[in-house]
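Annotation comment: TrEMBL describes 400 as active site, nucleophile. The S-adenosyl-L-methionine binding site annotation in TrEMBL covers 273, 274, 275, 276, 277, 278, 279, 296, 328, 346. Positions annotated as compositional bias 'Acidic residues' by TrEMBL: 152-170. Annotation source TrEMBL lists domain 'SAM-dependent MTase RsmB/NOP-type' at 169-486. Annotated region 'Disordered' per TrEMBL: 144-176, in sequence order. Annotated repeat 'NHL' per TrEMBL: 671-702, 717-753, in sequence order.
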């Protein structure tokens, strides 16, 4: 799934004090607000000289204001600590001081004004860019220097169409020949950067998520900042009686990658380059009901990360929900492939703002080779992050640099490289570590529009969003973009249970139906005759120790217990399918009343959530509802068996929506032949066991015209690539697909590619 320029809001006339920072040097020197053109030897001077050399070609007339902001004190935000005892008092004090909650800012007029002004500025940039290119070309001709860009690529079209060559020049490091006063080793590094070109057309970009409501933020996540043009500073954080900080200050742009990550309860989340820990804290406060893994390769940075967490999160909560590890991030995708629902990879970079305030930074002459190799290292980290993400998950890549080669260049190279791999070498976990992976990028222009009041976004990015520092709201720089992980499964399944004929011995199954795979990849299924060792196996009956034709099963993670649909005994009403939401409410389908009800555990009276208007094919009706799935928004998906469709009933709705099928019974891609089990992933992709078409189908969100066959579909049979009346579905944590193959009396696993 990814995320335009500057505007200063005119307020009542008042004086605004702006504190400007000076560049610090190891030796004494005369303080200057801006550097002179004289070339110095210190790394922060080299950094500024490099920026002045490269960035005007990219940002043109915006560079002076960006430069001023980079040389000035950054504007912080305060991330409120929900675990602090002074949580509420702290928020009240910040509001009294004039701060606003960035995540819940609801002034639509200001948002609209800033969006319109940024659009007008971006429109005028095209004309200015053409003028600047002509001036640079003339200057190179007068100086007698050779062009680093082919002359044919610099021809300017006087027409109204956008000039493609202009974009190439603005988004690459195709600088003029470096001036002679730069020493040879520094000049060599510049020339290597010159060779990097952003193509801008190799990665598909899909529409942004217009349905996402950015106003809805969890109550545990509160981020405060001062309004635009208000340069006030936050007081130092205080420590409460528990020894926890009341808030944590950081750059405001850090919240954007976390918003893009779209973390949901019970997700497994990886922060691949986590230190110093600001983004990781935002992730955890955004959604505390997750399993968060924070990795960093450097010992001192890992130590800092640990300190940040221990000063903000109670020890017992930290031990339960956060895993701190230290290792090479480039190898994470091999060690733990397809293991995380969400992956954030905030890679090491030139850190433009930091480079101007630190004497020994990556622009030091002693670190030239490290800087030249940096994009390659970033690419390897991104590839590793994509491999560590589950199919259907989200990867967010971010940096704190303005350099296109470290931003869009890395994105383009990583995705191209993953798509072209074809080696047969296998990585850990049985996955082909070098199999091709096809990726796409999700535009998040709606996110840019929503936060236009707080951030200035660059209008010329090919992929993702770039926050430009601006003196009125001095956040950034920060670049980020989204990749939704694609998914393909092996077409030949492996039998992991049964497959030895029907029967009641331990290596046999008898018409297996419902299926659930827990976190340690243990398979639970409803065997319609005798139950398994974990439940039943005491003969058919209605005793508390007996079952009668169980059809579905799930695990209550809170109590680590099984909940079984005991169909033959009609326990908990005449239910056939069951599901559970995050609050442990139980949902059951009553096929005789053609309805679905929600029950609180331990109570016998349920609340109607779907159907109950008689059997039929109307939007307020169901016809023999069977299997269920409940998503994070408490929307209920119902396998409407006799209507050959899947219905979605939003919370509180009186009518459902057909999200798959509904074209009559049949074997065409828009049709089902008696659908059974259903699963919906975090992106809203629907998976359906199309029972008597002997296949498993995938339906993407918003497209109910036809599905895609991901398993089976090769006729009824017992072959490795065949199914015979698939009934139950489940996925493990790595995205492998499990199918209860009823008439073959087996459970098949289709491994993720």
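Heads up, the Cβ atoms here are built off N, Cα and C, so glycines get one too.
Nobody curates TrEMBL annotations by hand; they come from automatic prediction.
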Cα distance (Å, whole number) from residue 400 (active site, nucleophile) to residue 275 (S-adenosyl-L-methionine binding site): 14
Binding residues 273, 274, 275, 276, 277, 278, 279, 296, 328, 346 (S-adenosyl-L-methionine) - maximum C-alpha distance in whole Å: 20
Cβ-Cβ neighbours of residue 277 (S-adenosyl-L-methionine binding site) (radius 10 Å): 25
Residue pair the residue listed as 'active site, nucleophile', residue 273 (S-adenosyl-L-methionine binding site) - Cα distance, angstrom, rounded: 13
Mean of pLDDT values spanning the repeat 'NHL' (671-702): 87
Most Cβ neighbours inside 10 Å, all chains, among the recorded positions 273, 275, 400: 275
Local Cβ density at residue 279 (S-adenosyl-L-methionine binding site) - other Cβ atoms counted within 10 Å: 24
Cβ contacts of residue 328 (S-adenosyl-L-methionine binding site) (under 8 Å, same chain, 6 or more positions away): 297
Tally of residues which DSSP labels helix, strand or coil - the repeat 'NHL' (717-753): 3 helix, 18 strand, 16 coil
